[in-house]
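Worksheet for the structure shown next.
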Amino acid sequence: MSTEGKSFFRQLEERIASSASLLCVGLDPRVAPGEGAARKILEENRRLIEATAEYTACYKPNIAFYEAHGAEGIEALEETLSIVPKEIPVILDAKRGDIGATAEAYANLVFDRLDAGAVTLSPYMGKSSAEPFLNYPGRGFFFLCRTSNPGADRLQELRVGSSGGDPLFIKIADEVSGWSADAGIVVAGNDPASLAAVRRRFPEIWILAPGIGAQGGSVEEAVAAGLARSGSRLLPVVARGVSGAKDPAAAARKFRDDINRAREKVLKNGVGSKAPVRARDYRKEEIFQGLVDTGCFRLGSFTLKSGIVSPFYLDLRRISSSPRLMRQVARAYASILPDRKDQKIQRLAGIPVAALPFSTAISLETDIPMVYPRMNAKGHGTGNTVEGGFVPGERVVLVDDLITTGKSKIEAADILRKEGLLVEDLVVLLERGRQGRKDMEQKGIRLHAYAQAEELFQYLLDRGIIGEEKHAELVAFIAD
């Protein structure tokens, strides 16, 4: 592992300085099982190491690609580690996490037999599962926090605590960061929003960021979101993007240079100041792109209910056709719910029809029950004006998709108030213009908007979806 008694992170810092690189190259040989597999693994790894060593801060072999070949595979891993230049640290991607003697056996393999400098660990079973590893001084430990695989968000972004609480991956980072002074975390490089959230919470923690290249992660976005104020403490991982290239040396050099350009740009823009690490809101941008991809936002000539002809149209009902976008939108709403200590939210009230899917999704995200007002009371059955269980006096937050004026929102609030419910807040995904806010204030209702229409227009301009002239037209239209 480390040379001359140096700790893993000391060796890593020296390597980053001498190589002018933050690039972590994955050594994940995809070799078919059978006779000669171990030899092929070693040949492939030797080729990659010789081609990329000049541009690499550290290597990360995934143990699964070696264990799959049995004892010969582990021997090939040992030989691979022996040919890595001694000044280049190695992180063994093992994702271990077990209890008692089992964890001790894993730790013995990783650090005694393989002599890896650092290891990836799963924290799910708690600190006791990590302690056999933590007992090795000078080693590095990267705990899984927000992983790069599709579907990880279903579990790792679950909100913990009250409505609008931190996602699970942040709580995990809070916990594992205190387990060791040599603790780092794994955060997906293809999820810049999560990277930025972790970096804001932990300005100087080491982050291993897989998911760059073949998994769709952008070097520029990952560096902008995850770089520490020191200009380091981030290790973007590239595996297939290098190993699968016709010229691995050229690929590694390009990734290193791209990372450094992004690094210089971030430092130039003031990451070292006391300002936030980044100004961009990646979660919001993901939602904006989702609105474009699902056809929720359209350009053209559209006659509105008022008779005014609009140069664009927002049909947020189409969000329901994208489960992924709906989950993102539910979390967006949850993040703006007005959760005051003295007045807990007791019900959500979606305004029919457009907001009913949203209020349902928010309810599932936050565990806050929902009701909804009938804009036209039914003339049969119970004749309810409000559907769902409630108790007069409960605090209800209105939910709608967007707001231009307050007319329909006020009608819904009046229905709820007549049933004895307390309505003081409205949440919307998009606020279009300022009239709606004024209307709500006059009725004693606070408006909470996740985004302004102007922010959406700016995103469209920045991404080249619209030009300067169209952008000016859209902004002027909603200003009228």
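Including glycine, each Cβ sits where the backbone N, Cα and C put it.
Worth saying up front: this structure is predicted, and the values here are computed from it rather than measured.
In TrEMBL this protein carries:
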BINDING   Lys305, Arg374, Lys378, His380, Asp400, Asp401, Leu402, Ile403, Thr404, Thr405, Gly406, Lys407, Ser408  5-phospho-alpha-D-ribose 1-diphosphate binding site
BINDING   Thr404, Arg432  orotate binding site
DOMAIN    22-255  domain 'Orotidine 5'-phosphate decarboxylase'
So what sits near Ser408 (5-phospho-alpha-D-ribose 1-diphosphate binding site) in its own chain, CB-to-CB under 8 Å and at least six residues off in sequence?
Ile351, Met375, Asp400
Return the residue, from the listed binding-site residues Lys305, Arg432, with the maximum count of other C-beta atoms within 10 angstroms of its C-beta.
Arg432
Please report the DSSP secondary structure of Ser408 (5-phospho-alpha-D-ribose 1-diphosphate binding site), reduced to three states.
helix
Tell me the Cα distance separating Lys305 (5-phospho-alpha-D-ribose 1-diphosphate binding site) from Arg432 (orotate binding site), rounded to the nearest angstrom.
15
Would you report the average pLDDT that the model assigns to the domain 'Orotidine 5'-phosphate decarboxylase' (22-255)?
92
Tell me which residues of the chain lie with their Cβ under 8 angstroms from that of Leu402 (5-phospho-alpha-D-ribose 1-diphosphate binding site), as long as they are six or more apart in sequence?
Leu314, Leu316, Val428, Leu429, Leu430, Glu431, Arg432
Can you give me the same-chain residues 6 or more apart in sequence from Gly406 (5-phospho-alpha-D-ribose 1-diphosphate binding site) with a CB-CB distance under 8 Å?
Gln435, Gly436, Lys438, Asp439, Met440, Gln442, Lys443, Ile445
If you draw a 10 Å sphere on the Cβ of Thr404 (5-phospho-alpha-D-ribose 1-diphosphate binding site), how many other Cβ atoms land inside?
21
Secondary structure of Leu402 (5-phospho-alpha-D-ribose 1-diphosphate binding site) (DSSP, helix/strand/coil):
strand
